[in-house]
Amino acid sequence: MAVLKMTDLDLKGKRVLLREDLNVPLKDGKVTSDKRIRAALPSIEMALKAGARVLLVSHLGRPTEGEFDPAFSLAPVAEHLSRALGFQVPLVRDYIDGIEVAEGQCVLCENVRFLKGEKKDDEALGRKLAALCDIFVMDAFGAAHRAQASTHAAVRFAKVACAGPLLAAELDALSRALDAPAKPMVGIIGGSKVSTKLTLLDTLSKKVDRLIVGGGIANNFIKAAGHEVGRSLYEPELVDEAARLMAAARAAGGEIPVPVDVVVGPEFADSAPATVRKVSEVKPDEMILDIGPETAKLYRDILMQAGTIVWNGPVGAFEVEQFGQGTKALCMAVADSPAFSLAGGGDTVAAIEKYGVVDRISYMSTGGGAFLEFLEGKTLPAVAVLEERSSKG
């Protein structure tokens, strides 16, 4: 993707606005997961090392727009950043009409969603944000699918607009996996409902050589293959769609393999006993909650031969130990595979972390909705405007 990158520019003495995704979970005024802060740190440190005057901008939660609400303040993030960087990062509440930042200093601007017009991609607000800096750096991949004032309008009106290191790395990884993938290409799509990932399943089934489905999504395909699913979560109105996707994949020379065995339980509960059954032997009062060991072996064989793996969603209810063995086996297979592996989505990342293979996945995306929309083939507004700005020079 042809976008100007922060690494292409001389930042010394320049006012550099870094739009990051610091939308972290909070409890009792404390950050409970600093994953997004850690992901942004290299970009911040790079800008500071280059002698920039750094302004950080981010949203947090969903406050009422145009109103200050201490429950959605970035104050806990400023504290966390100060500890991580080793110096005080002041939180500035009134910044929209201009702010003085010294060379080598970093300030955090208060929640951009407190500003009226942010969500509507307001042009006037975009111009004001753009006027705060000499260089606008869009680095928030997690918000790149939203056309908002701080991710879109400001990019349009900034003197210079570019992609930050984190966004650039995301785009490089996604392009490598989707634009010119090493073959065979394997997709793994899990989750509870086909309806939420129908576009993704449709897009990937035409692109990949094999499409592994898991979780509640797989139950629709099991049903479409003529097997009973008992009391399992599935969507009866989408069984025909699952059959169509399997037929379309076959017609294109690919495959959506159906599990040969599954792990069932009487209910989805921590105390529920787990039983392995052939997929053709699921009883009416049972729920499918994981793939079985034979299926895990088949999927491992597929993944070990892959050139590219794109993964979104677990294949079982891995939050309950006895229904997590399939997802664990899949994690190990992706980690062991020589393929370029790209994973994204909250549950997928949680599984990768739980089973200790973070360092063995080629790239883990920081985006949720943005990752899915990119995989679906949709244009991300923040990326599109960066490409437009770059093409005009």
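Placement of Cβ uses the backbone N, Cα and C atoms for every residue, glycine included.
Among the candidates Arg36, Arg38, Arg127, the residue that Swiss-Prot names alongside Asp21, Leu22, Asn23, His59, Leu60, Gly61, Arg62, Arg113, Arg146 for the substrate site is Arg36. Here Swiss-Prot has Lys197, Gly345, Gly346, Asp347, Thr348 binding ATP, and the candidate from Glu319, Glu321 in that same listed site is Glu319. Calculated from their C-alpha atoms, the gap between Gly346 (ATP binding site) and Arg113 (substrate binding site) amounts to 23 Å.
Of Lys197, Glu319, Gly345, Thr348, all annotated as binding-site residues, the residue with the shortest Cα distance to His59 (substrate binding site) is Gly345.
Checked against Asp21 (substrate binding site) by C-alpha proximity, the binding-site residues Lys197, Glu319, Gly345, Asp347, Thr348 yield Gly345 as the nearest. Nearest Cα neighbour of Asp347 (ATP binding site) among the listed binding-site residues (Asn23, Gly61, Arg113): Asn23. Each of the binding-site residues Asn23, Thr348 was scored by other CB atoms within 10 A of its CB, and the lowest score goes to Asn23. Comparing Cβ neighbour counts within 10 Å across the binding-site residues Gly61, Gly345, Gly346, the minimum falls on Gly346.
Checked against Thr348 (ATP binding site) by C-alpha proximity, the binding-site residues Asn23, Gly61, Arg113 yield Asn23 as the nearest.
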